[in-house]
Amino acid sequence: MTNISLEAPEVVRGQPYPGAPDNWKRFFTFSTDHKVIGIQYIVTSFFFFLIGGTFSMIMRGELITPDADLVDRTVYNALFTMHGSIMLFMWTFPVLVGLGNYLVPLMIGARDMAFPRLNAVSFWMIPVVGILMLSSFLVPGGPSQSGWWAYPPVSLQNPTGNLINGQVLWILAVAISGVSSIMGAVNFVTTIFRMRAPGMTWFRTPAFVWSVLAAQLIQLYGLPALTGGAVMLLLDLTIGTSFFAPERGGNPILYQHFFWFYSHPAVYVMILPVFGMYSEILPVHARKPLFGYRVIAASSILITIISGFVWVHHMFASATPGWMRMFFMVTTMLVAIPSGIKVFGWVATIWGGKIRFTTPMLFALGGISNWVFAGITGIFLGSVPIDIHVNNTYFVVGHFHYVLYGAIVMGIYAGIYHWFPKMTGRMYYEGLGKLHFALTYLGTALTFVPMHPLGLMGMPRRVASYDLEFAYWNVIASIGGFLLGLSTLPFILNMVSSWIRGEKVGNNPWRAYGLEWLTSSPPTVENFEELPIVVSGPYGYGRNQPLVGNTPNPELTEFPESLTQQQTS
Amino acid sequence: MTVERANPSGELRNAQNVEANVRQHQEHDAAGNSKFGFIVFLLSESVIFLSFFAGYIVYKTTTPDWYPPGVTGLETKEPLINTLVLVSSSFVIYVAERYLHDKKLWGFRLFLLATMAMGSYFLFGQAVEWQGLPFSYQSGVFGGTFFLLTGFHGLHVLTGILLQALMLVRSFIPGNYDNGFFGVEATSLFWHFVDVIWIVLYTLIYVWQ
């Protein structure tokens, strides 16, 4: 009988694939290793996060006074368009694909993704998308000014008359990003369906993998609809068809259907992997099994299904028939059920647990609390009468930024901190991590809470100047915004310095269950010396049950107290 | 610490089964993955067509003056012949695949060539039809949707023919199809997909007037 070692091999830095450079240069090559690609995604997207964030700083600088005095209205329109586009297409999607890329094969006991070359091609499209988006600043007329949703007829305007204009570049960028995402989705779905380790049944598959699967299924059914709409918009703009041009018989509302059919579920493409990360992080740092694991896993798939029937809640004010409003109001409310199940599962997981307030745990708890807040305002917006009252006001902006920054970005930070020792073999500096958390949590509240009263008072979104009565809350929001900008500094400092000279902490510093912790840190080529055979579920905390083999590993029952004390002292 | 492997679940009863399972897993069953991935891709691709079809239905049912001035409807006879040719070609490529299965390369080449010819006839027929039409893609949403749907489908037909040409060329490389022929299977699957889409498209545009 063959033996399998629970002790992972020695930490071997470098050599992510045969013949690769043995240093940081490998991250600039066309690598087919899912771990290199994962880090390529994460670092590239973070670069664009800073650019998108800089745009938002300029906008908050503009909004600190009621007049349009820092930038003019045209520049302001371009800024909010590019801020939204970059943050979604160049930051949130790619960084989550990066984390998924890094973790999914490790978590399911695979040697790589199903299609490694396709994976690399998917990644290298992302810089192309970024270059296309940013190059629109250089063309006459500047970048698109029609917002990230590019509603016609505004997006069909072409004052310069040039064929190559900001809007056309924007559509091309979105189309390439879509192709990259569909290829990625095919890769993820195939990998998860077909490459799970022997013994890893569906209900032994980690919640993060479930949530990535659910998110990628949305990409597969939703993204083609956006692509279809984008192709029609491009044809209207360039060769003179009239699909969405009302003056030539077109129907601009149809574009909104195409757009939101994807772009509302897209929120779940972004939040589902974050839910998965919360589900992975809480059990480790509270030393308890994930409560209701099966229900949490199934609720991801339920969200995938329901999210395909909610898109019209973005169009309650777009001359939508009454029956449609009613139907979509109900379906929107229904999403709260699987989302709520998850929140209750998380609360029950930490209930009575030995909670350690490490940085990933703090970000996870902060993110979940933000998500609850965002979910409640989401219920407001799903309700037709309230939505019509606050439509196109800052209430909406506050709500979705609480989702996107409060829950998603904080979840991404939680994930990066939690798996940083796995990716690098080194521990981050806990003190800097906690400072980062404090600034981020406070900054999120200061920036986005004031937007809710502003919206209820009636301040419209997408404006560079406003009435004096809105000044008070805007000043607070701007201060919060600058704080958020500042909060990224300790993060960058922490990541760079820890990667270079952080403390080496071995393969499983958190004493966590999960296949990814059984291999070396960073994992070697093809992840595992010998592929594991899974014998139990991934959350055996406190049960002392084996995950691989038939002998429990006593180390996994206890959290390494010494580690966190060492870090904070 | 080393531990012995356990039997992980009911379906893996003994160590031999486990070994076999691990070996199969390590090889990653690349052909199976490719087939699965390709089917997933085609399902996603069909959603693009579905969105265009949905758009067509919305336009047709809501636009007051559906046809451009001077146009009363579309000629159905020649497109019907085209349809029959394209749909039959699905059977022809199936026969080609069977020949390859039986390792009869010349039969495979012959029937693949016949499929390409039928696909090319379809494209030629569509080009002739386009040339004779009294409206253009700028003739309101009717013109736009007509050319979008037929053009996008035509692009798929062209892709299918190019894939078939590639498979034909590859059949002349000795031993190329000895260990499986996923490329041919995928090409065939793609061709069936293109045919099914055309049947829906023909029904929507030509039958439902």
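The backbone N, Cα and C atoms fix where each Cβ goes, and this holds for glycine too.
Worth saying up front: this structure is predicted, and the values here are computed from it rather than measured.
Here TrEMBL flags A:24-535 as domain 'Cytochrome oxidase subunit I profile'.
What TrEMBL records for A:546-569 is region 'Disordered'.
Away from its own ends, the transmembrane segment (A:36-58) comes close to residues 16-17, 20, 26-27, 29, 70-71, 79-80, 82-83, 86-87, 90-92, 94-95, 97-103, 119-120, 123, 126-127, 130, 134, 416, 423, 481-482, 484-485, 488 of its chain (Cβ-Cβ under 8 Å, at least six residues beyond either end). Taken from TrEMBL, the feature transmembrane segment applies to A:36-58 (among others).
The transmembrane segment annotation in TrEMBL covers A:78-99 (among others).
The transmembrane segment annotation in TrEMBL covers A:120-139 (among others).
For A:168-195 (among others), the entry in TrEMBL reads transmembrane segment. Counting only same-chain residues 6+ beyond the ends of the transmembrane segment (A:168-195), those with a CB under 8 A from a CB of the stretch are 81, 85, 89-90, 93, 97, 100, 104-105, 108, 110, 113-115, 118-119, 121-123, 125-126, 128-130, 132-133, 135-136, 139, 143-144, 150, 205, 209, 212-213, 216-217, 219-220, 223-224, 226-227, 230-231, 233-234, 237-238.
The transmembrane segment annotation in TrEMBL covers A:207-239 (among others).
Long-range contacts of the transmembrane segment (A:259-279) within the same chain: residues 88, 92-93, 96, 99-100, 149-151, 206-212, 214-216, 218-219, 221-223, 225-226, 229, 290, 293, 296, 300, 303-304, 307-308, 310-315, 342, 345-346, 364, 367-368, 371, 400, 403-404, 407-408, 411-412, 414-415, 418, each at least 6 residues beyond the stretch ends and with a Cβ under 8 Å from a Cβ of the stretch. What TrEMBL lists as transmembrane segment is A:259-279 (among others).
The annotation transmembrane segment is assigned in TrEMBL to A:291-314 (among others).
Residues annotated as transmembrane segment in TrEMBL: A:326-349 (among others).
Annotated transmembrane segment per TrEMBL: A:361-382 (among others), in sequence order.
Taken from TrEMBL, the feature transmembrane segment covers A:402-420 (among others).
Tertiary neighbourhood of the transmembrane segment (A:432-451): same-chain residues 60, 358-359, 362-363, 366, 370, 394-395, 397-398, 401-402, 405-406, 409-410, 413, 417, 473-474, 476-477, 479-481, 483-484, 486-487, 490-491, 493-494, 568, selected by CB-CB distance under 8 Å and a gap of 6+ residues from either end. Under the heading transmembrane segment, TrEMBL lists A:432-451 (among others).
TrEMBL lists A:471-493 (among others) with the feature transmembrane segment.
When the stretches A:326-349, A:361-382, A:402-420 are ranked by Cβ pairs under 8 Å to the transmembrane segment (A:78-99), first place goes to A:402-420. Within its own chain, the transmembrane segment (A:361-382) is flanked in space by residues 271, 274, 277-278, 281-282, 285-286, 310, 313, 329, 332-333, 336, 339-340, 343, 346, 350, 355, 390, 395-396, 398-400, 402-403, 405-408, 410-411, 413-414, 417, 434, 437, 440-441, 444, 452, which lie at least six positions past its ends and keep a Cβ under 8 Å from the stretch.
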